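Quick look at what TrEMBL annotates:
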TRANSMEM  35-53  transmembrane segment
TRANSMEM  73-91  transmembrane segment
TRANSMEM  135-154  transmembrane segment
TRANSMEM  197-223  transmembrane segment
TRANSMEM  301-321  transmembrane segment
TRANSMEM  333-352  transmembrane segment
TRANSMEM  402-421  transmembrane segment
Amino acid sequence: SSQRVLKDYFKVQILFFKMIGVNLENSDNSFKSRVYFVYSQVILILTVYLFFITECVDLIGKWGDIDNMTFNLCYLLSQTAGICKIVAIMLRREKVKKMLKILESDYFLPNYDRGGITEYRIIKEAVRQINVQTYFLNTIVCLIVANRGFFAGFDKGYFEPTDDFSGNGTVKHYQLLPYTTWFPFDTNITPFYEIAFIYQIAGALMGGLVIGTSDSFICGLMVHVKAQLRILKNNLKNHVKKAIREKEINTDINKQVPNITLYDTKKLLPEVQALIKHYLGECIIHHQKIIHLAERVESDFSYIMLIQFLTSLGLLCLSMFQISNNNVKSTGFLSMACFSFMMFYQLFMFCWNGNGVLELSLDIVFAAYDSEWFLCDLEIQKAIISIIQRAQRPLQISAGKFAFLTLETYMNVINFIIFLLDETIYRFYELRDRIIWFYKTLINNFTKYTNVF
């Protein structure tokens, strides 16, 4: 079992990336690579980039309609964040591949001889947690898109009066689409309506999968940092006991060194001390590699996480505004409620995992102290002190050096959003009341003026 290794930690995420046109694996087949390149360009250009452009054009064309603008901006901002994430991952493709390779080799592989079956359980739990996050996020995406699709598909549309050049009034039937995008053709005519409908569903679904997969992948890297810290914590806490068990198979600490107290310790045998020193050196190297891994995650993805934070602030305010303008029983309310939940969950996922990295990095201090250091010689004790001193500087993942990803930051963001939303709604209705008062005054004065003449 010591030779057994776990591979493909991000198998599920890589599969989703392939679906949306991003390949993080190397291929030896040149023909398959060319075919996939064509597929990738078609998928990304038509359903991600072009969908984003049509949303921008629609927003400009309907500028001034508050309800339509806030609805459009909800999805436009999320698409913007998704495009930034996917472009950043594509630009760092080689770095990402190298990072995945590092995670599945050397000190980061579970080692039965080092930590027993516990290491395999920790890694398996980390992989399971990442997959659950991915499936959960992408399921919410599918529910939001399906909700919009059913709502638009079963809606009867609306009628608006129009005037032709002859002066005769007519009534035109407008069919509802799931999202607000611009098309260079009349979407109220079959089959253009069906084409626009399918395109919007496909574009929104692919854009959502881009966001869900990117977020779960980045958070997955933090989950693996946490897993490695748990493995280190376990090994550091038990390295003295492990050395004693290996040299004195049927002897426990109290039999090897009877009547142990903190103030009257007996030294272990020299060969046991040498083995402890070896295991402690392995722990120090492992700790240094974990620190380096956390720093790489921070340097490569911190600005992506900053984009997520900033867009989430705006998206939550816009979606809450949309919720306040929709009837509780309406499909639009349900759709925006799911959308808001996803935004909250995205932020929580980043902050939860970042907070876990922080706490587990500090737990290394207690793990080192909980080892039977008082049985070791002075050189080993000094090495343990060095580990404790380094571990007192916690590992922290930040969002673009702007804020650390912790639960405290999450609560501050939530409080800020609530305050901002309250102020926005108050200012909006205050402005609306002023505009209504202005127009009423203008009409009354105009009526008085016309009555005089």
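Using N, Cα and C of the backbone, Cβ positions are placed for all residues, glycine too.
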Which range out of 135-154, 197-223, 333-352 gives the transmembrane segment (73-91) the most CB pairs under 8 Å?
197-223
When only pairs 6 or more apart in sequence are counted, do the transmembrane segment (135-154) and the transmembrane segment (402-421) reach 3 or more Cβ pairs under 8 Å?
no
What residues in the same chain, six or more past the boundaries of the transmembrane segment (35-53), come closer than 8 Å to it by Cβ-Cβ distance?
18, 20-23, 27, 76, 79-80, 82-83, 86, 181, 199-200, 202-207, 210
